[in-house]
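What TrEMBL says about this one:
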type	residues	note
COMPBIAS	521-539	compositional bias 'Polar residues'
DOMAIN	31-129	domain 'Ig-like'
DOMAIN	139-242	domain 'Ig-like'
DOMAIN	248-321	domain 'Ig-like'
DOMAIN	344-424	domain 'Ig-like'
DOMAIN	431-515	domain 'Ig-like'
REGION	521-546	region 'Disordered'
SIGNAL	1-23	signal peptide
TRANSMEM	552-575	transmembrane segment
Amino acid sequence: MGLSGLVCALLLAACCCSRRAAGVPGEAEPPDPELVEAEVGGTALLTCGPSHSQSNFSHVDWFSVHKEKPTLIFRVRKGQGQSEPGEYQKRLSLQDRGTALVLSHVTPHDERIFLCQVKRPQSQEHRIQLRVYKAPEEPTIQVNPLGISVSSKEPEEVATCVGRNGYPLPQVIWYKNGHSLKEEKDRVYIQSSQIVESSGLYTLVSILKAQLVTADKDALFYCELSYRLPSGNHMKESREVSVQVFYPAEKVWLEVEPVGALKEGDHVEIRCLADGNPPPHFTISKQNLSTKEVEEMTPEDNGVLVLESAQKEHSGLYQCQGLDLETMASLLSDQQELLVNYVSAVRVSPAAPESQEGGSLVLSCEAESNQAVQFQWLREKTGQVLTEGPLLQLDNLKREAGGGYRCIASVPRVPGLNRTQLVHVAVFGSPWMTQKERRIWVQENAVLNLSCEASGHPRPTISWSVEGTAQEQDQEPQSVLSVLSVLVTPELLRTGAECVASNALGRNTTTIFLELDSSRSTGLSTSTVSPSVRANGTSTEKKLPEPESKGVAIVAVTVCVLVLAVLGAVLYFFYKKGKLPCGRSGKQEM
């Protein structure tokens with residue numbers, strides 16, 4: 001025998017030895033187990049052989065194979081099933097005349113091989129591989145709360161993804177801005193681990209680590225869990241998260257709010273901004289436009305300098321300086337001019353204008369501003385515009401021309417920027433009474449407030465012809481109102497009251513007549529009588545209505561009572577004579 005023949009003989013002998021070691025000589029390899037799939041909590045149908053099998057299933061033993069060790073779990077004798085004590089005792093039942101075994105309430109621990117043995121008419125067995133599935137819960141994602149610096153030399157933790165209670169272990173895929181991430185040396189690293197719960201389900205924990213750049217400051221990350229169910233492949237996604245990225249600033253700039261023309265009194269915010277995160281430490285410098293002096297200011301922590309009520313002194317060139325506390329690099333913004341428009345206090349001359357009747361006056365108005373100013377004169381009493389411009393000419397003055405005049409200085413280019421000044425014009429003259437006389441209704445023994453108003457220049461004084469408590473109130477610079485509290489007595493009803501106004505140029509009076517109002521109950525009370533609106537120096541007092549005549553009312557009532565009495569007597573007379581059919585049957589002729 002040659003060398004090649006010897007080798008072939010040795011190989012054949014080895015093959016025979018291996019077959020003897022594996023089983024009975026000449027016996028074929030066992031077929032692959034039948035695959036059955038079920039979800040956790042559902043049921044699994046275990047069939048003992050093909051559905052077209054002609055075997056007798058009246059004598060069958062079912063085994064659970066765990067770690068290659070079979071354990072009897074169910075017996076079928078003469079078509080009747082009986083569970084063996086153990087973990088499957090209450091979860092197994094027969095179906096289809098004993099040809100199938102139903103396993104209920106499937107758990108992950110049920111993923112194993114089940115074996116059925118048929119004893120008659122001949123011994124045979126069938127193996128079933130049960131696969132168990134459960135969808136994981138919605139994945140949760142937790143972003144790194146501390147943030148990541150772009151200056152880090154190695155990948156830092158971006159976020160952690162957790163998928164709970166799945167079976168088998170799901171697969172995780174990380175995404176950034178919709179694109180899947182793959183591990184990349186020194187750039188992207190994915191660290192995943194699993195936890196086996198007591199229920200047999202898996203919890204997946206996956207940590208994404210990456211080295212980020214400035215462009216990742218707005219990046220969105222999320223994780224995806226892919227898993228399989230008997231119905232096919234599925235996936236679940238977490239919410240999107242962004243991680244705080246720290247990077248040094250490259251530019252600093254300045255913004256002013258509100259935008260547009262500013263005026264004194266505005267709420268102004270000067271804001272320093274930078275493109276770094278976190279923003280640098282800011283300081284603000286202001287250069288005076290006229291003196292060129294520089295003033296350093298410290299804004300708030302957010303880089304904002306607040307001017308609660310801007311003034312013209314706040315005008316100048318402003319500049320922001322940002323200092324990065326990590327790199328100690330300093331950046332400057334461009335200078336920006338802040339202009340606070342203003343109008344100075346308005347000055348009117350003469351400050352206390354006065355004139356004789358028939359004379360004339362010229363009022364002048366002045367104000368300073370950094371913009372062009374327009375002037376306008378108004379009559380204070382009516383709001384009527386008298387003229388445009390700084391000068392107001394008043395000719396042939398009458399007593400009625402006295403009073404307030406207002407000058408308004410405004411800047412048309414800056415809406416809302418204006419200042420005003422009120423001046424009172426006095427026209428010399430004797431006192432001018434609101435009313436010459438008036439008549440009022442009063443009650444005896446009541447406390448009455450009488451009022452009297454007069455105007456003139458010089459300012460008049462008021463006195464009363466009767467005793468009482470008087471109080472004066474200034475109405476205008478040349479007007480006065482006097483209120484007198486008196487007790488209504490028979491003597492006061494007889495004499496009335498007289499109000500006397502006097503100044504250096506003369507005197508004037510108002511007479512008040514009192515009439516007793518007998519229609520009202522007497523008693524101590526208080527009432528006030530004040531002057532009405534005047535027109536051209538006179539006014540009319542609103543009088544109380546006179547009481548109606550009571551005699552007419554009494555006569556009318558008396559007549560009505562008599563008429564009713566007579567009518568009642570006539571009706572009663574006819575009733576007694578039987579002329580009225582009240583309470584009787586039949587018709588009576590009246």
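Glycine is no exception: its Cβ is also placed from the backbone N, Cα and C atoms.
Whatever TrEMBL says is automated annotation, not expert-curated.
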Point to revise | Top partner of the domain 'Ig-like' (248-321) among 31-129, 139-242, 344-424 - counted as Cβ pairs under 8 Å | key: 344-424
Exercise for review: For the domain 'Ig-like' (139-242), give the DSSP counts of helix residues, strand residues and coil residues.
Suggested key: 5 helix, 61 strand, 38 coil
**Study point:** Taken over the domain 'Ig-like' (431-515), the model's mean pLDDT
**Key:** 89
